[in-house]
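Here the structure comes first, spelled out in structure tokens, and everything after it is commentary.
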Amino acid sequence: MTGELHTDLDNVEVEARDPDPEIRPAASLDLEKTPTRADEYSSHQHQHQHDLDRDKDKDKDRPTADLTRIRSHASHHDIHAIPSHASSSYIETNAAQYERFTHRRKLLITCVLSLCGFLAPISSTTILSAIPEVAATYHTTGTVINVSNALYLVFMGLSPCLWGPLSTIYGRRWICIVTAWLFFAFSIGTALAPNLASYFIFRMLTAYQGTSFLIVGTSCLGDIYTPTARATALGWFLSGTLIGPAFGPFIGGIIVTFRSWRDIFWLQAALGGLAALLVVFVLPETIPEKKIDELRDLSRKERLGRIAHWVSPLRVGTLLFSYPNLIVAGVASSSLVWNMYSLLTPVRFVLNPRFHLTSPIQSGLFYIAPGCGYLLGTFFGGRWADHIVKKWIRKKGRRVPEDRLRSCWAFIGGVIPACMLVYGWSVEKEVGGVPLPVAAMFVQGVAQLFCFPSLNTYCLDVMQAKGRSSEVVAGNYMIRYVFAAAGSAVCLPAIEAIGVGWFSTISAGFLVSLGHDGVGRGMAKGRRSEKEEEEGG
């Protein structure tokens, strides 16, 4: 083989061992028997550091649009630097980063993070079944208590701007420990709130801590799983963030039927305490390199100034709005979250009169349908996203992050809007009885788990080489929870004004116009980047 080996440090990531058999290029390749491949490749990287740094500087300010291909011709020197079996395969860089933990340890980390990610979202909906009881306690109306839920979601959207950057500076572990114990403390405060003002304050403070689990948890999984396997892990992690909001009202309905609504928050505090203990004793540090290590030689004033710049909310916002492909992922995720909260929030007010239900636990049963859909989708959504990536790697010989968006395009633009229309108009026109809206809620739950892992993993893929993936994820969550707050606040007044059928139609249109069109634009952007590279190279 003669010629040259082309690589791009920003765009290449290496999977060290146990690559999926689906992307092995030749039957003779047995990477499981070559555990030193990562070391050999690392040695090659060292020999060619000058060329790699030059390529890296060239695209310093551009998010990763695609990953390199290993060309079929290499120089005599390169053949000796890289084993022959590696030169013909698709490989990922930063191999040691993904080999630090055993498979079982990774599963344990994923389980702990899934529990942590379950807490803040479930707290946003457990109170929905108890809104009349909370309103009676504080001598106010259900609309006012719904405002507290909207503010809860607003603060979930604000906090990523702090926790995402902090996790890159001081590490994932310490941020999780601090916020887990604060979540535990503020949950107790909510349970003991003596008046409406304190109830609002503790709810908002709880939300501000809880979102860190979503941001840092996603980043942790990006730290330990290779790009072709992380969507499956994120599928399990995100199942907690979606199952929580779905089963929350059911759990809340059971509690408020037999006990005081305050017991909801005592249960939340207990789960928060358990999560805090697990984080302390089980969660290791996953980030390969902390930014704080870069500041050791600076003065105290310079160090504080640099940290203040890194944690500035404007930095996250600027990053997000600097690149259209990141906005696409944010808008697509936001349309899904709008759909979820505008569907779940008014269930008791919409379905109780429609089916003549008389207790919170009866309406809470309807939340089981989307919850079971999220649970079932957990087993397939992430795997489907990884399968699509591997399929296009085999076709192109490289990994293009935008190819991952292909896995959710049909679901976000077809399946979920159709379910919303069926649900809304079957309830509005009183057709299909209980089974039809329940089936629609279940199917849309499954479909959402085919979308979220793909979109979240895409955010990790495009900027991980620059060490800013947590900031991208933070910006994504910031946008989506602003839309969640809007959906939670306006759904009930809108349904009362125009009916559940037309409101569901609006939500379906929102999904098609923003979600489906946005994902389509992201895929087109990937094709343009690929074509430009081929013409340039």
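Backbone N, Cα and C atoms are what each Cβ position is placed from, and that goes for glycine too.
Taken straight from TrEMBL:
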- 1-63: region 'Disordered' (REGION)
- 1-23: compositional bias 'Basic and acidic residues' (COMPBIAS)
- 30-63: compositional bias 'Basic and acidic residues' (COMPBIAS)
- 107-131: transmembrane segment (TRANSMEM)
- 109-537: domain 'Major facilitator superfamily (MFS) profile' (DOMAIN)
- 143-162: transmembrane segment (TRANSMEM)
- 174-194: transmembrane segment (TRANSMEM)
- 200-221: transmembrane segment (TRANSMEM)
- 233-258: transmembrane segment (TRANSMEM)
- 264-283: transmembrane segment (TRANSMEM)
- 323-344: transmembrane segment (TRANSMEM)
- 364-385: transmembrane segment (TRANSMEM)
- 406-426: transmembrane segment (TRANSMEM)
- 438-460: transmembrane segment (TRANSMEM)
- 481-503: transmembrane segment (TRANSMEM)
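The stretches the transmembrane segment (107-131) and the transmembrane segment (233-258) meet in space: the count of Cβ pairs below 8 angstroms, excluding pairs fewer than 6 apart in sequence, reaches at least three. In this chain, the transmembrane segment (364-385) lies out of contact with the transmembrane segment (174-194); the count of Cβ pairs under 8 Å, excluding pairs fewer than 6 apart in sequence, is fewer than 3. Here the listed stretches are 143-162, 200-221, 264-283, 364-385, 406-426, and the one with the most C-beta pairs under 8 angstroms to the transmembrane segment (481-503) is 143-162. Residues 106, 110, 113-130, 133, 214, 217-218, 221, 225, 264, 267, 340-341, 344, 347-348, 359-365, 367-368, 370-371, 373-375, 377-378, 381-383, 385, 445, 448-449, 452-453, 456-457 of the same chain lie 6 or more positions beyond the ends of the transmembrane segment (233-258) yet place their CB under 8 Å from a CB of it.
The average pLDDT computed for the domain 'Major facilitator superfamily (MFS) profile' (109-537) is 83.
For the transmembrane segment (438-460), the most Cβ-contacting stretch among 200-221, 264-283, 323-344 is 323-344 (pairs under 8 Å). Sequence-distant contacts of the transmembrane segment (406-426) (same chain, six or more residues past either end, CB-CB distance under 8 Å): 332, 335-336, 339, 343, 384-385, 387-389, 392, 432, 436-437, 439-441, 443-444, 447-448, 450-451, 454-455, 500-505, 507-509, 511-512, 515-517, 519-520, 523.
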